[in-house]
Amino acid sequence: MPSVTQRLRDPDINPCLSESDASTRCLDENNYDRERCSTYFLRYKNCRRFWNSIVMQRRKNGVKPFMPTAAERDEILRAVGNMPY
């Protein structure tokens with residue numbers, strides 16, 4: 001597996017791995033009919049938007065690493081109360 005692909009499959013790097021997998025699985029199950037999977041795509045897009053805002057906030061505050069680890073993301077989601085996307 002190429003290193004870029006491995007990085008994208010790493011839960012510490014990609015916070016939206018489950019959303020990405022769900023949208024790909026939907027495409028596979030629905031014969032690549034994009035209209036049927038639009039809710040999955042929207043959820044993935046909202047996930048990326050949410051975590052990007054967290055990265056920007058951490059960068060602004062000088063917190064490193066900019067992308068929280070998987071454990072930190074779980075804490076953030078618990079603090080929010082539920083998945084905001």
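Every residue gets a Cβ built from N, Cα and C, even glycine.
Residue ranges 5-15, 16-26, 60-70 are listed, and Swiss-Prot annotates 16-26 among them as motif 'Cx9C motif 1'. With helix defined as DSSP H, G or I and strand as E or B, the domain 'CHCH' (13-55) counts 35 helix, 0 strand, 8 coil.
For the motif 'Cx9C motif 2' (37-47), the predicted model reports an average pLDDT of 98. Remote same-chain partners of the motif 'Cx9C motif 2' (37-47), defined as residues 6 or more beyond its termini with a Cβ less than 8 Å from a stretch Cβ, comprise 15-16, 19-20, 22-23, 26-27, 30, 84-85. Comparing Cys37 (disulfide bond) with Cys47 (disulfide bond), their Cα atoms are 16 Å apart once rounded.
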